[in-house]
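Visitor: Mind looking over this structure? Questions follow.
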Amino acid sequence: MAIFKILVLLLSLCCFSQAQLSPTFYDQTCQNALSTIRSSIRTAISRERRMAASLIRLHFHDCFVNGCDASVMLVATPTMESERDSLANFQSARGFEVIDQAKSAVESVCPGVVSCADIIAVAARDASEYVGGPRYDVKVGRRDSTNAFRAIADRDLPNFRASLNDLSELFLRKGLNTRDLVALSGAHTLGQAQCLTFKGRLYDNSSDIDAGFSSTRKRRCPVNGGDTTLAPLDQVTPNSFDNNYYRNLMQKKGLLESDQVLFGTGASTDSIVTEYSRNPSRFASDFSAAMIKMGDIQTLTGSDGQIRRICSAVN
């Protein structure tokens, strides 16, 4: 009964936010909003292609902490801890300045209209598309929070050593199912990880990691030191959005433990990974659907929250 009540609550929250959000939300109030954001994001990624992964991750880290409300953008104050300082974000999350630049560009044409939360969501879509990923309609109309939630960030952002059960339960609490989990994890076809996050995988086990892959990665990630050294999550096509991530998992070449647990355990995720490795169109379609679904998590709409003037501070 308790689980049923939780599912009903999640469904009601999701459906209410969906009723408030729409791809055409700004058509009458700021017709150039989405094109202005797109131009700003494309400029940023053209300067640093890795930024695409950072922007997708930023949207994920925003939505998983008390909903898609741009709380991740807020800097600390004497009375508020910042999510930027949480375990999963500190010296790791990136793209804040890109969102700030996009916000400034939008403010110059439509002051006080477009939320930072919407800019983050649109930026993630535009980033995906720019590096070869799918283009999907982003529903907009979110409003920004007036608080940050560091404790929730420490609790609800996935750990790089998370088990499949931990990940599945976390995603379920956010209203996302197993297919959503596997599809969204495919964003790790892009980006890089610090040595600290995969050192344990290289040196503490040998059962679920390809020996050659492990040997190669150890060269730049020694057992002692080098914790901040970066390595691509997908060694083959690190800057292109494709389905190679899933082929890597099938070959025991997932860089993070939380990636490799999706394949090889006999769980239901095995068949989804196999499907995506063989059918890039299905992966692209499911990734788009999961991103839209994630963007509906616990949004602020109507008169809730505010439209921040700058994304790093409440009005």
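Glycine too: its Cβ is placed from the backbone N, Cα and C atoms.
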Visitor: Thr189, Thr197, Thr274: which one does Swiss-Prot list with Asp234, Thr237, Asp242 for the Ca(2+) 2 site?
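Guide: That Ca(2+) 2 site, as Swiss-Prot gives it, pairs Asp234, Thr237, Asp242 with Thr189.
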Visitor: Can you tell which of Cys110, Cys116, Cys195 is bonded to Cys311 by a disulfide, based on Swiss-Prot?
Guide: Cys116
Visitor: In Swiss-Prot, Cys110 is disulphide-linked to which residue out of Cys15, Cys30, Cys195?
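Guide: Candidates were Cys15, Cys30, Cys195; Swiss-Prot matches Cys110 with Cys30.
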Visitor: With the disulphide bonds as Swiss-Prot has them, who is the partner of Cys68, out of Cys15, Cys63?
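Guide: Between Cys68 and the options Cys15, Cys63, Swiss-Prot records the bond with Cys63.
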Visitor: Do any residues at least six apart in sequence from His61 (active site, proton acceptor), in the same chain, have a Cβ closer than 8 Å to its Cβ, and if so which, in order?
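Guide: Listed in sequence order, they are Val72, Glu83, Ala88, Asn89, Ala93, Ala153, Leu157.
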Visitor: According to DSSP, which of helix, strand or coil covers His61 (active site, proton acceptor)?
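Guide: DSSP call for His61 (active site, proton acceptor): helix.
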Visitor: Between the recorded positions Gln20, His188, Asn205, where is the Cβ count within 10 Å the lowest?
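Guide: Fewest other Cβ atoms within 10 Å, among the recorded positions Gln20, His188, Asn205, is found for Asn205.
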Visitor: Could you state the whole-number distance in Å separating the C-alpha atoms of Gln20 (pyrrolidone carboxylic acid) and His188 (heme b binding site)?
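Guide: With the alpha carbons as reference points, the distance is 30 Å.
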Visitor: Any idea what DSSP makes of His188 (heme b binding site), helix, strand or coil?
Guide: helix
